[in-house]
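A.B. asks: Take a look at what Swiss-Prot says about it:
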type     : residues       : note
BINDING  : H16, H99, Y182 : Cu(2+) binding site
BINDING  : H171, Q180     : O2 binding site
DISULFID : C155-C243      : disulfide bond
DOMAIN   : 272-307        : domain 'CBM1'
CARBOHYD : N329           : N-linked glycosylation site
REGION   : 228-272        : region 'Disordered'
SIGNAL   : 1-15           : signal peptide
Amino acid sequence: MKAFTLVSLAASVSAHSIFQKVSVNGVDQGQLKGVRAPYSNFPIENVNHPDFACNTNIQLRDNTVIKVPAGARVGAWWGHEIGGAAGPNDPDHPIAASHKGPIQVYLAKVNNAANAGTSGLQWFKVAEQGLNNGVWAVDNMISNGGWHYFDMPSCVAPGHYLMRVELLALHSASVRGAAQFYMECAQIEITGSGTNTGSNFVSFPGAYTADHPGILVSIYDLQGRPTNGGRPYTIPGPAPLTCSGGSNPNPQPQPTSAAPNPQPTGGNGGGAGAPLYGQCGGQGYTGPTTCAQGTCVASNQWYSMLSPLSFFASHMLTCLSSRPVPPINVSMRLGKGHEHERRRINTNKHLIFTCIYFSILPPDIPGGST
């Protein structure tokens with residue numbers, strides 16, 4: 001019972017987010033299409049974490065490479081968990097409003113974005129948005145229904161890239177090592193006639209230090225408002241790439257429509273099954289529900305996904321990979337809209353037991369589908 005209480009408490013204060021969709025010039029490219037996403041929405045807090053480039057425990061990916069014309073308006077969509085909201089009227093979708101901070105976009109040139117590794121890459125920044133007239137980039141993303149928009153520089157040279165989108169939540173950043181980094185990578189191909197191959201290159205990990213003034217910072221003024229005390233906010237990392245003529249640091253949102261359904265390009269002859277790791281169910285879903293391979297696993301009431309694992313194994317993997325470090329950082333909401341106090345709960349004794357407990361529950365029982 002104690003283990004159940006600990007896991008329930010951790011889940012109840014999870015106000016995190018996952019980048020999981022891309023739009024190009026207003027066209028939604030599809031859920032998890034070309035995006036390498038983890039099951040877990042937990043952040044990385046160690047700037048020297050070996051998986052700081054594209055996140056850890058990546059389980060959801062396909063071979064899609066998204067074509068992005070140089071100069072295009074690009075959108076990155078964030079959701080509280082895979083599929084979006086954790087339930088109806090989820091107050092923390094796409095992320096808790098208290099998680100103020102900047103959003104940045106980096107590119108790394110690769111030979112084949114579909115299967116490129118993330119170690120040893122050289123990254124250059126193409127867009128950033130921080131604090132502007134009291135409004136944070138995260139505020140704009142929430143107002144846009146989870147979409148963060150930026151303009152891909154028109155001078156970027158064509159080719160395959162990994163596109164790293166990073167959200168930095170600063171609500172607890174007054175403590176060293178407590179700033180929360182959320183990042184995922186998309187697989188893209190830049191098209192056009194640009195010739196700029198990047199500048200101000202950095203490595204991940206290695207680009208940031210824990211005591212950078214944009215990472216170790218109290219963003220609250222004396223009245224508890226997240227204004228950074230009226231001071232300019234310094235975004236970590238290098239300056240973004242600029243082309244002649246400049247760029248728009250705060251692009252306005254544009255309507256996003258769904259991409260046309262691609263035609264089948266082969267398969268097992270039936271052609272009706274959803275692809276591995278594709279959506280196969282959920283409230284309001286109208287696509288295929290049969291499985292070409294794998295098992296349709298309910299992530300929540302609104303989203304089911306094809307997994308090569310059994311229901312039990314899939315949920316065990318989700319649970320165990322959600323926080324590889326046994327002590328779990330739990331933020332307690334003590335004030336209106338802000339999280340001022342953090343607790344560390346040691347779940348080492350109960351981690352495996354509770355994962356088994358939750359994994360054997362059917363998905364229609366509360367707690368059975370994490």
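Every residue, even glycine, has its Cβ placed from backbone N, Cα and C.
A description of the local structural setting of each listed feature is requested, covering burial, neighbours and distances.
C.D. replies: H16 (Cu(2+) binding site) carries neither a helix nor a strand DSSP state and counts as coil. Cβ-based neighbour count (10 Å, all protein chains) for H16 (Cu(2+) binding site) stands at 21.
Spatially close to Q180 (O2 binding site) yet at least six residues away along the chain are H16, P43, I44, E45, H99, L168, A169, H171, S172, judged by Cβ distances under 8 angstroms.
In the three-state DSSP scheme, C243 (disulfide bond) falls into the coil class. Listed in sequence order, P153, S154, C155, G194, N196 are the same-chain residues at least 6 apart in sequence whose CB falls under 8 Å from the CB of C243 (disulfide bond).
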A.B. asks: Can you name every residue in this chain, apart from H16, H99, Y182, with its Cβ inside 8 Å of the center of the Cβ atoms of the recorded Cu(2+) site?
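C.D. replies: Output for this site, in sequence order: A15, S17, N41, P43, I95, A96, L167, A169, Q180.
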A.B. asks: So for H99 (Cu(2+) binding site), how many other CB atoms are inside 10 Å of its CB?
C.D. replies: 27
A.B. asks: Might you list, by sequence position, any residue in that chain lying six or more from Y182 (Cu(2+) binding site) with a Cβ less than 8 Å away from its Cβ?
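C.D. replies: Expected: H16, S17, I18, F19, N41, P43, I44, N55, W78, I95, E166, L167, L168, A169.
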